[in-house]
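J.: Before I ask anything, let me first share the structure, which is written out below as structure tokens.
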Amino acid sequence: MHYYVLFTFLTLDLAPVALSLSTCSALDMDQFMRKRIEAIRGQILSKLKLNSPPEDYPEPGEVSQDVISIYNSTRDLLQEKANERATSCERERSEDEYYAKEVYKIDMLPYYTSENVIPPSYTTPYFRIVRFDVSSMEKNASNLVKAEFRVFRLMNTKARVSEQRIELYQILKSKDLASPTQRYIDSKVVKTRAEGEWLSFDVTEAVNEWLHHKDRNLGFKISLHCPCCTFIPSNNYIIPNKSEELETRFAGIDDAYMYAGGDSKSKTGRKKHTGRTPHLLLMLLPSYRLESQQSSRRKKRALDAAYCFRNVQDNCCLRPLYIDFKKDLGWKWIHEPKGYNANFCAGACPYLWSSDTQHSRVLSLYNTINPEASASPCCVSQDLDSLTILYYIGNKPKIEQLSNMIVKSCKCS
């Protein structure tokens, strides 16, 4: 029984050490940087589910301004969120995941407010707009842990195509005619004629922005992935193409269209799907729990750029590493950015967990379970940021957000 408990403890507590690229073993800095570069090469291809780099792609000058505009807005959003986390000393993710959250459901704002009003005719075959009132949650904005948008897909037996890729966008407040009016969030491939199902999208960043900036709450847009249609950013219009209509139907949005033949057009469809209205699920950390955490938390020195880059450190610290896609990886297929600050963690962890302070039976058992791993602490990444890239598969532009690509701080573990 004792061995079972020890094995469970060691497996859970030390698994990140074995999986991390760290400085447990002696490595000179040049060798470690080369290993880091090769790890990034494999990481990017793996995240994009590519076996090898794409061979066919357009020249940089051939990329349209609309594609560049969407890339820039997505990249800027990530940077804004990273800056907000840095200035507000965001709670550690591990604490957010440990404590129980309160869940709130917010239904979509209705298209019509009266039961006696016939809903407007079906006039937007290319996209749907969904809006929410989250003002009641504004006082708890800093407690938001996660927000999820859920919409129920209806079975559409009259659909001309059996499968479509739908995309979710956050509608932006336009500053001028040249600025983007939507920001890509996520996409899903759905079966239009299949039995109905719930679709879920992570919209934490968008809802967090709404809670802090009420005037930016313009809702979400559900549209079709449609490269053959022309999108006009200045007025949010799509040039019609009959072969690319959105034929995916949603409960609470398309009820009137789906059941237009029923009696009382304004009521029948809506009542049929009671409980399946598009909604947000907000998960918040209770205020009393957040206050308790903040009052008892000790301030720790962050091994980040602000500390490590201005101090010469032999011990565990963040080390700068800029990856030039063309020079370091020999890649020309990533159009934006040209490179990025990947960084890495390196250095000794001499005081946290020395081998002579551990019980010999624990060390012996751990070495038996994982003989190639180190029983000493390793310098590993703690906080990581995402990277947004623009690349092409053939002539098709793709904008992807790659998680955990930029090391921001380190720790001994």
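These residue numbers are counts, starting from 1, taken along the chain as shown.
In case you wondered, yes, glycine gets a Cβ from its N, Cα and C as well.
What Swiss-Prot records for this protein is below:
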{"type": "SIGNAL", "residues": "1-19", "note": "signal peptide"}
{"type": "CARBOHYD", "residues": "Asn72", "note": "N-linked glycosylation site"}
{"type": "CARBOHYD", "residues": "Asn140", "note": "N-linked glycosylation site"}
{"type": "CARBOHYD", "residues": "Asn241", "note": "N-linked glycosylation site"}
{"type": "DISULFID", "residues": "Cys308-Cys317", "note": "disulfide bond"}
{"type": "DISULFID", "residues": "Cys316-Cys379", "note": "disulfide bond"}
{"type": "DISULFID", "residues": "Cys345-Cys410", "note": "disulfide bond"}
{"type": "DISULFID", "residues": "Cys349-Cys412", "note": "disulfide bond"}
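What does the local environment look like for each feature on the list?
T.: A simple way to gauge crowding: the CB of Asn72 (N-linked glycosylation site) has 17 other CB atoms within 10 angstroms, across all the protein chains here.
Taken residue by residue with DSSP, Asn140 (N-linked glycosylation site) is part of a helix.
Reduced to three states, the DSSP call for Cys317 (disulfide bond) is strand.
Over all protein chains present, the Cβ of Cys410 (disulfide bond) has 27 other Cβ atoms lying within 10 Å.
Cβ neighbour count for Cys412 (disulfide bond): 21 (other Cβ atoms within 10 Å of its Cβ, all protein chains included).
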J.: May I ask you to report the DSSP-based helix, strand or coil state of Cys410 (disulfide bond)?
T.: strand
J.: Name the secondary structure element type, per DSSP in three states, that contains Cys349 (disulfide bond).
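T.: It is coil.
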J.: Out of Asn72, Asn140, Cys308, Cys317, Cys345, Cys349, give those recorded positions positioned within 10 angstroms of Cys379 (disulfide bond), comparing C-alpha atoms, in sequence order.
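T.: Cys317, Cys345, Cys349, listed in sequence order.
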J.: Can you tell me the CA-to-CA distance separating Asn72 (N-linked glycosylation site) and Cys349 (disulfide bond), as a whole number of Å?
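T.: One finds 39 Å between the Cα atoms of these residues.
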J.: What does DSSP assign Asn72 (N-linked glycosylation site), in three states?
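T.: Its secondary structure by DSSP: helix.
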J.: Sort Cys379 (disulfide bond) into helix, strand or coil using the DSSP assignment.
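T.: Once the DSSP labels are grouped into three classes, Cys379 (disulfide bond) ends up as strand.
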J.: Pull out the recorded positions from the set Asn140, Cys316, Cys317 whose C-alpha sits within 10 Å of the C-alpha of Cys345 (disulfide bond).
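T.: Passing the 10 Å Cα cut: Cys316, Cys317.
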